[in-house]
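**Student:** Take a look at the following structure, please.
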Amino acid sequence: MLTSLLEPFTVSFVLRALVGGVLLAAVCALVGVWVIARGMTFLGEAMSHGMLPGVAIASLVGGNLVVGAAASALAMAGGVTALRNSREFGRDTTIGLLFVGMLSAGVILVSHSRSFATDLTAFLFGDVLAIRLPDLILLGGALVLVAAVSAVAYRPFLALTFDPRKARTLGLRPDAANVLMMVLLTVTMAVAFSVVGTLLAFGMLIAPAAAAMLVARRLPAVMLTSFAIGSAATVIGLWISWFAGTAASATIAAVTVLIFFVLLGARRATAAATTARRAMAAAT
């Protein structure tokens, strides 16, 4: 039976998908926790689709898609940063407007290129089973970069997330920390998109981190738990995809969400049971 369970991972392209998924889980764990803690989930979603104009332009001129995606995402992040203190509108409104504008521009560009229009599905949904060795190297490089920056900027990020005023008082430069965090998010989404598509990129960024926050308290523990959940979802998703014949990337993304709701249900059930026991103890 064990041999049957391990069968998918003896195939080279599934093994590459497994390694790629684990690397992606590590990168997204380092960034996703900050995204959730700062309430930037909508920005992550908007950025994942806001990369389309840059990808379309890069495709039309024969450029590097990762560079195009990163440039487009940086432009959107710059717009959000510039308008985040707007008195006229809230941050979500600004993100929503930029999201619609960037996505519309991307679709318009795509509509003028029949060759790229056929690749739109790949952009949105990707295929983790198509990961190649250069993709693994790209993910590994992104992991080293994100881990190094996260380690150096941990204190400024922490202060920015929970007490921006105190961060400014302590000279931790919250504005610079915010820009750096935006750059990390941009790098993560651009690299993840180029390897697995926006669906799994966003799913791996948000769901494991949100699930980890249900079971861990301190941020380093949340990051490790998020990595473990993302890695487990990769293994389970690839296994299900192999035997059920489902799309691998979508299956992995679905498993991350399923794990979140299982943990959420368990936490609420535990809280309800604890409340019931206390009520019974008080009654007696």
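Each Cβ is built from the backbone N, Cα and C atoms, and glycine gets one as well.
Found this in TrEMBL, in case it helps:
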TRANSMEM  12-37  transmembrane segment
TRANSMEM  57-83  transmembrane segment
TRANSMEM  95-116  transmembrane segment
TRANSMEM  136-154  transmembrane segment
TRANSMEM  175-193  transmembrane segment
TRANSMEM  223-242  transmembrane segment
TRANSMEM  248-266  transmembrane segment
**Student:** With Cβ distances under 8 Å as the criterion, find the stretch in 12-37, 57-83, 136-154 that has the most pairs with the transmembrane segment (223-242).
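**Tutor:** Per the Cβ under 8 Å count, 12-37.
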**Student:** When you scan the chain for residues with a C-beta under 8 Å from the transmembrane segment (57-83), skipping those not six or more beyond its ends, what do you find?
**Tutor:** 43, 46-47, 50-51, 89, 91, 94-95, 98-99, 102, 106, 109, 113, 115-116, 119, 138, 178-179, 182-183, 185-187, 189-191, 193-194
